[in-house]
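Let me begin by presenting the structure, written as structure tokens, before commenting on it.
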Number of protein chains: 2
Amino acid sequence: MNENVEMDQQFEFLRRLLHEDKMAEFRDIFLDWHIYEQGQFYFTLDEKERHRLYTYLSPKEIADMFDVIEEDHEDMEDYLAEMSPRYVADMLNEMYTDNAVDLLNQLDKREVAKYLSLMKSKDAIKIKELLGYEDKTAGSIMATEYVSIVDNQTVRSALNLLKKKAQEAEIIYYVYVVSETNRLLGVISLRDLIVAEDDMLISDVKEERVISVNVADDQEDVAKTIRDYDFLAVPVVDSEDRLLGIITVDDIIDVIDDEAASDYSGLAGVDVEAIAETPLKASMKRLPWLITLLFLGMSTATLISHYEVLINEASILAVFISLITGTAGNAGTQSLAVAVRRLAISDDKDPGFFKLILNEVLTGAITGSVTGIVIFAVVGFWKHNYILGFVIGVAMFCAITVANLAGSFIPMLMEKLGFDPAVASGPFITTLSDLTSVLIYFNIASLFMGFFIGT
Amino acid sequence: MNENVEMDQQFEFLRRLLHEDKMAEFRDIFLDWHIYEQGQFYFTLDEKERHRLYTYLSPKEIADMFDVIEEDHEDMEDYLAEMSPRYVADMLNEMYTDNAVDLLNQLDKREVAKYLSLMKSKDAIKIKELLGYEDKTAGSIMATEYVSIVDNQTVRSALNLLKKKAQEAEIIYYVYVVSETNRLLGVISLRDLIVAEDDMLISDVKEERVISVNVADDQEDVAKTIRDYDFLAVPVVDSEDRLLGIITVDDIIDVIDDEAASDYSGLAGVDVEAIAETPLKASMKRLPWLITLLFLGMSTATLISHYEVLINEASILAVFISLITGTAGNAGTQSLAVAVRRLAISDDKDPGFFKLILNEVLTGAITGSVTGIVIFAVVGFWKHNYILGFVIGVAMFCAITVANLAGSFIPMLMEKLGFDPAVASGPFITTLSDLTSVLIYFNIASLFMGFFIGT
């Protein structure tokens, strides 16, 4: 709290320096801040203030800031639009390639082409290559600023190389050992380099069992590798084991965050990332989903209307519709969440598919039995009608078991069909489960119709 | 896939070496693996094989492995129980303190005391201190193996110190500059040390604006700091700015994973982390929640039963109960997810509270109006009864608005009361929303009762 207040005062002071056009004093303070804080300040400025800022700072200084903040904001393209194209091109030149690519991916193709045409052709080619990788693959999030060395050199020359590369490399804590044709042969951590004698040969200190990821691997698999091995970075290779780039742990944190938010959004049937929206904008995004579910819900209503005669004869049946659909929906949501999570963390080795579904159905049968017995006793006692209790108990048992089946089967099916299983959202499962629950309930009730007439 | 098969073959080969008691060959291969792979192999062994493994490997070698795998498995205490207490104590001595503490936190107090009594008293005191920090605070996840230096030294002596400490420090990529009384004065990254001239003074190259976290800070705030600043580690200080430890990015990834899983679990009303359970065990965990919600659902049923006379007169009303409760439940779940996520990422600066609730209620009013108009038209057309359509449309509007209010208000209230807002789960909100929706629906329907009698 105090730090925030202090920071606010500093922001205020710096803004005054901007207004009074005191460039030297401004630069003194601003460049002393951590780049993340520079970014936070940047976001508080209005357009006029930002225009002055661009005259104060070099494209390199803005690039350093954009390297850290590019993930934090949705409207980065608006900021680029207000700079001169030449300034943007120079800035993109200075940014780490992975971050420059993230930024360019937010723009439309014409804009991208314009900036690329203004960049140094060597950098432009590199970035064009990276832009070509499919979204959410290792290639799309890797950077090309790594440090590599051939292995007939000494530790001393490796350290000297690091000294030279330290400014531009995204991470200097691993040096990758490559062949003449850039094939990945090994890795040395800076830790090992520091401990080793200066005259030792790289070939003697390198670790040959180097864990790498393929450029086409899914970013979630890359995240798993970095997390499991506690790496700071992992090298990215092509199918012939040639080193193409590295992925660093800070990018992986963004991947983990994004995947978690998207799983969470899926379960709730809403994009939770878009939080600073106006009610109107939020409504526009939520309505298609709500209306779709409304029509799915209409089929449940239609189904119930087929049993209107039964309800007319025994209105007591209507009392328990929402109890059965609600409880089955809750159980189905539990199954869904377990299945989605299981799919997210499972390895290829996992036999999983049928076993998970079987487990969930068995779990449904057990929880369904217990819930069914409880509701049988409660309703029997409350309404003094144990046949009604029995009907509701049996319906509850069946509805929960089917909801668990649907909750585990549907995400599995999505996965098999190549969709993200997380899009099988909670609201979809509960609305679907409403339909099956009502069907089960009234069919069972029909069998006992004779008992209900007139109750 | 291929790598997995290859790894399986290597596992098989190594297991044979264990059975044939070929220790030297076993060690040659095993110690050449990455420690994460050693851990994966370890998990495939049976108890007899593990007993032999403990005679092959030193406590230090087992400790290295446990440093990486301690987060991966729930039953680590079973593994400790089968080692001799002396071996465990030696192993704990060799582990990084944060990981040793994580491990000890899984044991009961008597076990912990036993191992601590066998450890070197200096290490035991350090670990006892760390065990004293509250769960989920910075103190509970920090390690004490950092590298620090006083600032009247040269870059050369700092590099020499790093060389010496490289083996034991958890991370050597930052050197912390401290006063005689261990107050944190600055930080130097290894990158800066490598670039700097050997004869420069530490006081001249150190970064004085060092970002630190307080030992009592919530681990989620620490995660936010590391993520925002793209740090590899962050120093932990007490209220007098004395350096107590560091938290590294790999621990933060575990924190982010855990928090995401727990938010996800909350929304679904089920612990998604416990995935390898038997159906019986899973049922035991899910039932308390299902039964609680069942009784909450019973109040909805009770409420409906108050309107049985109305249903008796106009059974058509029963047809639309589940449509209204279902749609309002879906809308409420959306609001809930947005509110929980908003609370998770908001800063203290955020005015948020009332603004978010107001936004959600407005969003509810807009989505409720559109949904209400759609259902009015559909029901009116379908049942040729526009008064019925009007009743259902208005009820839908009110039910969605109230569901959005509840979905955003309840997690906010939880947060204010000091609970984790994520425990306000989706199933709870939908079940609660069933109750309010039914209340709204039948009250509105009662007003129009004259129109329905006999329909």
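Cβ from N, Cα, C; glycine included.
Residues or ranges marked as domain 'CBS' by TrEMBL: A:142-203 (among others).
Residues or ranges marked as domain 'CBS' in TrEMBL: A:205-262 (among others). Mapped onto DSSP helix, strand and coil, the domain 'CBS' (A:205-262) counts 26 helix, 16 strand, 16 coil.
The transmembrane segment feature in TrEMBL is assigned to A:287-304 (among others).
Within the chain, the transmembrane segment (A:316-340) has long-range Cβ neighbours (under 8 A, six or more residues past its boundaries) at 263, 266-267, 300, 304, 307, 310, 356, 360, 363-364, 367-368, 371, 375, 379, 383, 385, 388, 392, 395-396, 399-400, 402-408, 410-412, 421-422, 424, 426, 429-430, 432-434, 436-438, 441-442, 445, 452, 455. Positions annotated as transmembrane segment by TrEMBL: A:316-340 (among others).
Within its own chain, the transmembrane segment (A:361-382) is flanked in space by residues 320, 323, 327, 331, 335, 388-390, 392-394, 396-405, 408, which lie at least six positions past its ends and keep a Cβ under 8 Å from the stretch. TrEMBL lists A:361-382 (among others) with the feature transmembrane segment.
Long-range contacts of the transmembrane segment (A:388-414) within the same chain: residues 316, 320, 323-325, 327-329, 331-336, 338-340, 343, 353, 356-357, 360-361, 363-365, 367-369, 371-373, 375-381, 420-424, 428-429, 432-433, 436-437, 440-441, 444-445, 448, 451-452, 455, each at least 6 residues beyond the stretch ends and with a Cβ under 8 Å from a Cβ of the stretch. The transmembrane segment annotation in TrEMBL covers A:388-414 (among others).
Feature annotation from TrEMBL assigns transmembrane segment to A:435-454 (among others).
Residues 269-270, 311, 321, 325, 425, 427-428, 431-432, 434-435, 438-439, 442 of the same chain lie 6+ residues outside the transmembrane segment (A:287-304) yet bring a C-beta within less than 8 angstroms of a C-beta in it.
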